[in-house]
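Student: This is the structure I want to talk about, given as C-alpha cells.
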2 protein chains.
Amino acid sequence: MASEPESHATEPVNIPVWCVGHKIADQNLQIDDAIVEAEGNAGYDMITGSITNSRFHKRVLRTLAQAASEKRLQVHLDPLTADDVNLHPGPHISGVIAVTSSWIEVESPDPLYAHVSKQVLDMELAYAAFCGLGHVVVGGPKTRQNIAEYAQAISAALSHSTYMQLLIQLPIDDWVGDREALTTNLLYDPLSAWDAWNTIRTICRYSAQLTIALEIPPTLPDPAVIQRWFAEPLRMLLIPSHTFCPNSKGFPVLSKFHQALLTKYMRLRPTPHILLTETDIQPVIRNPGHSSNVRHEPLAYLIYIRHQQKTQPAQSIVEKFGSGYQDYLQAPLQPLADNLESITYEVFEKDPVKYNQYEKAIKLALDDRKLGEEIVVAVVGAGRGPLVTRALRAAELSGRSIKMVAVEKNPNAYIHLLRQNRLIWNNRVTVIKSDMRAWKPDFQVDIMISELLGSFADNELSPECLDGVQRVLNPNGGVMIPQSYSAHLTPIMSPKIYADIASRKSDPDAFETPYVVMLQALDNLAENDHIEKVWGFHHPVPNNILGEAASMGGGFVGLSDGGNDHNLRNSKTTFKVPRRGVVHGLAGYFESVLYGDVELSTRPDTIDQKSKDMISWFPIFFPLKTPLYVPDKSEVDVSMWRQSSERKVWYEWIVEGFVRTGSRRFRLGSSDLHSSKKNGCLM
Amino acid sequence: MASEPESHATEPVNIPVWCVGHKIADQNLQIDDAIVEAEGNAGYDMITGSITNSRFHKRVLRTLAQAASEKRLQVHLDPLTADDVNLHPGPHISGVIAVTSSWIEVESPDPLYAHVSKQVLDMELAYAAFCGLGHVVVGGPKTRQNIAEYAQAISAALSHSTYMQLLIQLPIDDWVGDREALTTNLLYDPLSAWDAWNTIRTICRYSAQLTIALEIPPTLPDPAVIQRWFAEPLRMLLIPSHTFCPNSKGFPVLSKFHQALLTKYMRLRPTPHILLTETDIQPVIRNPGHSSNVRHEPLAYLIYIRHQQKTQPAQSIVEKFGSGYQDYLQAPLQPLADNLESITYEVFEKDPVKYNQYEKAIKLALDDRKLGEEIVVAVVGAGRGPLVTRALRAAELSGRSIKMVAVEKNPNAYIHLLRQNRLIWNNRVTVIKSDMRAWKPDFQVDIMISELLGSFADNELSPECLDGVQRVLNPNGGVMIPQSYSAHLTPIMSPKIYADIASRKSDPDAFETPYVVMLQALDNLAENDHIEKVWGFHHPVPNNILGEAASMGGGFVGLSDGGNDHNLRNSKTTFKVPRRGVVHGLAGYFESVLYGDVELSTRPDTIDQKSKDMISWFPIFFPLKTPLYVPDKSEVDVSMWRQSSERKVWYEWIVEGFVRTGSRRFRLGSSDLHSSKKNGCLM
C-alpha cells in the first residue's frame, strides 16, 4: 500500500520528469502571470483556465431562451468581448492549459443547442489559438449516443488550428451506471468510452492534433481496459481528489492499482501530464482521528504525486537501451546488399546476453566432439569479430583444439579483423575476405557459426546466405550455429504507428514495408496475448534439396527462376480475439535454437526464459493500409508468405476478420494483399 | 414461357450487340485460324481454347508423383514446350478467349500441389499474354475455404500482365449442396460465391483487370443474389447446355427467369459475353415425342440465344437518353459561379416531362388567382427561356392576364432571350439582365418561377439564390414555384464507381466530391430498397428568418459569418441492411413540389408516379474513401450535413455500421468524415 510521503530520506538518482498541473475550479478566475507564478511556487508545473466565464454562459442562455421562444432552429451568437474571457496573451500562457466550457454539447439532439454549442466551441478554440495556447482540454461526448455528430464538430474544430492540440476528456470505461456496482450493471460496457474515442479519431483521420485527457476514477476497470488506453495517445491523466483515499495518518494516497496505472501510463512517450482536479473540495471519506497531522489540504495531493514521481521503479535494461526508440519506425537492415558501418556493429556488440548465449552454444557443440582432434570452427560474416572472441573462449573452456576461421565480405571490417587478430587473438585466426557464398577453402568446416538473423528470423536472408556456404560444411557431422530459427506473429492494435505511417503521404509503399520498431504503445488483440509460430528454417539443409537448387544456377548470385523455392514459406493462422479492437498490423518476433538447449528469443512471452535482457533486436511490424475493426468474440485470420524471385526475398500478408455463428464463420472484412516486393531484401 | 425460335417473322430495328461464344470441349484441340473461321461460320463470335493440353497435364502429374515420393514441398516444373500448348500467335487470336487448366488449384491445402499450381498458372498466363490474348477465363476457388490463398495467387498473376483481363469463373451462389433442394440445405449460403469474389477483388485492390465469368445454373437463386452480381464487373455469362430446357417441339429454350436474367445482365456496359458450354453433350432431360423436329443439336442453343437477342424489349426513354452515361462520373454544375454554354441549356430543354410539369404547376398557380387582375409572373434564371414559353402558354390556358418578366445573369443567354422575345414571344416579355440576388425592380412579383434544383435538390444553391430574390416577391400572397424540395439518400454498393474514383490517384479530393452519375451497376443495401428523405426547403422563407440573415450582411454577396445559418441542415438515418454487403457510398435523389399536387421526383420508387420519363437529372453519389463491409442483419447509420460559410456551401457525410445484440447496438466500423468543402458550391 502507499507509503507516507514525508518518510523518504534519500532520493533515487534518475527521477523521471512528470508535469503535474492544477485544475482551477473557479470558472471566473482571470488567469494572469501572478496566478501562474503563485501556482508554480506551490509546486505545480501548469494550471488550467476556463476560456470563457459564467457571464458569457448567462448571455448564451438568454440567447437560447429567446430563440427557443421563437421556435427557431438556429441563432447567431454575438462575438466574444473582453468581459467574457479569463485568458489573454502573454508569457505566462506557456504554463496554462485551456479548458472549453463544460456546458457545451455539440452533439445535442436539440438542434438549437447543438448549433449554439458548435459556435461556442469554435469561438473558444479560435480565441485560445489566438492567445497562443498549445493544449486545450475539450469535454468529450456526454453519452455514448451521437458520437458521429460529436466527431464531426471536432473535425471542423481541428481545421481551425494547425498546431494546437485538442485533448478530448473521456471516462476510462463508460458513462453509465453506478461505479460501485459495475459488475451487476447490465448496461455497463467497459470498452464503451474507448469505442467512442476510436470512432472520433477514425472520423478525424487519426489527426496528430487529437489526443486524450483520461479521467482516472476511484474504481478502476479490468486490466484489459487499462492496457487498451495504453495504446492510445494519452496526453493527460485527470485525477480528481476523490480518486485518492486517506492513509492511516489522514493523508491522501492512491491504491496500489492506481499506483501501478500511474507507473504504466507515465512511461508512455510523450509522457502524459497529470492534472489534479477538485483539490479544493473537502474529501467525502476522511479518517477523523488524524486531523491534527493534516497539512494544508489542497496541496496534499500534489505532494503525494511528487512522492510517487520520486519513487518510481528503475527502468529495465531493455527500457534503458530502447529509450527514445519507442514506436520509432526503422527500415530493416540490408546487410547483404550494403556494407555496415563500424558504429552499427558496435551497437550490436553491446548486447552481452546474445554473445553469452553464442559462447554457451559453441561450447556445447565443441563438447559434443571427440577430445584431441582438431576441429575447424568458422565464423561466416564475422563483422568486427565478437563471435571469434567467444569461439576462442569456448574452445579454451571446452579444452578442445580448434582451427579458427573468420570470413567477412565487408573490406573495412576485414581490415579491423586483421588488426584484432594481431592485437587480441595472437594470430590464431585465419581471416578470409570473401562473400561467404563465394568462399572456396581447401578444407571443410566442422562448426559453422553465423549471426545473420533479423527481427523476423529470416528477413535478412540468413537462409539464402547459409545455403550458399553449406558446400564448405563437413558432410560428416558438420553443424551450424544457429541450428534453426523460426518466425512468430500476432495481430496488434497500434494507432500511434498507424498514424505515423499514414502521414508518409509521399511514400506510396509506406504500408507495404515491414518496419523494425521497439513496440510500446500497443494492445495485443489475440486471446491471452497469443503469438503464433508461422514457419522455421533448419541448417544444414538436406543435400538433395540444396543440390537441386544449385543445379538451377543457384549458389552465389544469379539464382535461376525457382532456384530458391525451397526457402519459400507460407502460413495461415486463426487468432481468437475476445475483445473488440482495431487491427493495425502484425507484430513479428523470432526464436532460434543456437545449439542444443541454448536459445534466443524476442517473443515477449519467452524472452525472459530463453534470453532475458537481450537487446539486439526490436520486433518487426507489418502494417495494414486500412485498419480492420473486429468486434467482441471475433476471429482474425493472418496469411503470410515468404516470397522469392531470383534476385530478392519479400513478404506478403493478408488479414481477415470473421465472426462465428453456430458452425459457420462469416467474413467481416479483409485487408488488401500487402507486399514488400518493391522493398524486398536483395540477395 | 419461351417461344419457338423459328416462329418470328420481322426483326425489330435496334438489335443489341451480343457477343456469343462457344466453349471448346476438347482439351487438346489446336486453336488455329481454320477452327476460328469454322466456328464463325456457324454463328459464334468467339471460341475458347485451353492454353495447355492433356500431355502437359500428364507431365505435371508425373513430376508431382515423383516429388511426393521424395516428400518434398516444392518442385520446379520444366518450361512449356510447343507440344504442351493449343494456342499460338496469329490474326485468329482476336476471336479466341483462353482458358486456364481446370486442374489448377493454387489454394490447395497440399503445399506441393499449391506450389505447382501457381507455377502452372503463371506459365499459362505468361504464354497467353505472349500470344496476344485479351481475356483469359481462370477457374475460381474450388471451395469457399482458402479464399485468401487463392486471391494472393491471383494478385501475383495480375502483376504479370498490364492489360490482359482475368475472368474469374464463379458459381452464382454457392459451391455446396444439391441445387434441387437449396431451400432445405442448411449449409447453403446464397451470397457465398459473391463473398468469395468480394474478398478476392478487395485483396487485389479492385484491379480493373479482374472481372467475372459467372456460371448460370438451371436453378436460379433469390432475385437479391441476381441483383448483387448486377453491381459487379460481369464480363462473361457461362451458360451450360443443361441450363436450357426443351420446349414442346424439343428445342432447347430458357425459362422466363433465365430470360429475365439475360435481359438484365445484357444491359450492363460493357455488355457481358455469353459463352455456351457443353453444347456437344446430349442433354439429360429430353422431350421424346418430338425428336424428328430437332435440328443439328449443338447449334440449337446458339440459335435460341440469337433469337433472344433479336427479341429484347425496347429501351426506355431514360435508358436511351442515358446511353453511354451509365456509371460515368461528372462533377455537379456550378451554375452560380460559372456561365453555362448554350449546349448545356439545350440538353436540359430536351426533357418534355419536366417542362410539362412546370406548365401544369404555373397554370394551377394562376388558376388560384382572381380573374381579371394583372398577375406579375417572373422566371428568375431564365436561361434560354423554356419556362417563359411555358408560363405564357399556361396564362393562355388559364385565361389570366400576366406581366411576364425574365431575369437572367448570363450575358450570352440574355442576348438569346431578347431574340426569342422578338421572334417567338411577340415582345410580351420584360427581359432583364441581372443576377437575381441583385435585381431591384420597381414592382413586386406574384408568381416567381425558378429551375435551380440540382441532383440533390439544394446542391446548386437554390435556397441561397431564392433567399436573395425573395425581396421582390409580393408579401401578400406571392408564391414561388417550386414551393418546396427535399433531398433523399440511401446507402449503396457500387464497386464499379468505387474503382473509378480510387483510380484517380492524382486527385487528393477524389473521395471528397459528390458526383452526378447515372447509376446503373449498383445494389441497394437498405431493406426494401428504402430511400430516406433527409431534409427539405420551403419557399418563401418566413420573413423574420430572412430579415435576420440580411441584417448580418446577407442578401447578395459577402454574407457575414452565420448569415446563411438558416440554410444549414443535418440529418441522421438508420438503414436496416438485411444482407451483407459493402457500402461504397450514398445515392442521392430529390423530390420537389412545384405547386399544389404537381411534383418532380428522381427517386427510383416515386419517379414513375410523380414525373415518369423525366431525364433532366441523374442521381448524385457521395463516395466513401474506404468501403465499409456490413454483415447480414446489420444497420447502417448515415449522418449528413449541409454546411455553409459566407462564401460557399458544401456537404459532409459519415457512414457507420452496427449490429444489434439484444437491446444494445455495437459499432462495427465507421467511415472518415468526408467533406466537399474544398469543392464546395460557390455563392
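Any Cβ shown, glycine's included, is placed from N, Cα and C.
Copied straight from TrEMBL:
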- A:43-310: domain 'PRMT5 TIM barrel' (DOMAIN)
- A:318-481: domain 'PRMT5 arginine-N-methyltransferase' (DOMAIN)
- A:Y345, A:K354, A:Y355, A:E408, A:D435, A:M436: S-adenosyl-L-methionine binding site (BINDING)
- A:F348: site 'Critical for specifying symmetric addition of methyl groups' (SITE)
- A:484-682: domain 'PRMT5 oligomerisation' (DOMAIN)
Student: Tell me the coarse DSSP state (helix, strand, coil) of A:M436 (S-adenosyl-L-methionine binding site).
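Tutor: Once the DSSP labels are grouped into three classes, A:M436 (S-adenosyl-L-methionine binding site) ends up as helix.
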Student: How big is the S-adenosyl-L-methionine site in terms of the longest C-alpha to C-alpha distance among A:Y345, A:K354, A:Y355, A:E408, A:D435, A:M436, in angstrom?
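Tutor: It comes out at 24 Å between the most distant Cα atoms.
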Student: Return the residues near A:K354 (S-adenosyl-L-methionine binding site) by Cβ distance under 8 Å, restricted to its own chain and a separation of at least 6 in sequence.
Tutor: A:E451, A:L600, A:S611, A:M614, A:S616
Student: State the mean pLDDT for the domain 'PRMT5 arginine-N-methyltransferase' (A:318-481).
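Tutor: Its mean pLDDT is 90.
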Student: Could you check the binding-site residues A:E408, A:D435 and say which one's CB has the most other CB atoms within 10 Å?
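Tutor: In terms of Cβ crowding, the pick is A:E408.
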Student: What is the separation, in Å, between the Cα atoms of A:E408 (S-adenosyl-L-methionine binding site) and A:F348 (site 'Critical for specifying symmetric addition of methyl groups')?
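Tutor: Cα to Cα, A:E408 (S-adenosyl-L-methionine binding site) and A:F348 (site 'Critical for specifying symmetric addition of methyl groups') are separated by 16 Å.
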Student: What's the number of neighbouring CB atoms sitting within 10 A of the CB on A:F348 (site 'Critical for specifying symmetric addition of methyl groups')?
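Tutor: The answer is 18.
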Student: Find, among the binding-site residues listed as A:Y345, A:Y355, the one whose Cβ has the highest number of other Cβ atoms within 10 Å in the structure shown.
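Tutor: The residue with the densest Cβ neighbourhood is A:Y355.
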Student: Cα of A:Y355 (S-adenosyl-L-methionine binding site) to Cα of A:F348 (site 'Critical for specifying symmetric addition of methyl groups'): how many Å, rounded?
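Tutor: With distance taken Cα to Cα, A:F348 (site 'Critical for specifying symmetric addition of methyl groups') is 10 Å from A:Y355 (S-adenosyl-L-methionine binding site).
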Student: Give me the CA-CA distance between A:F348 (site 'Critical for specifying symmetric addition of methyl groups') and A:D435 (S-adenosyl-L-methionine binding site), in Å, as a whole number.
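Tutor: That separation, Cα to Cα, works out to 21 Å.
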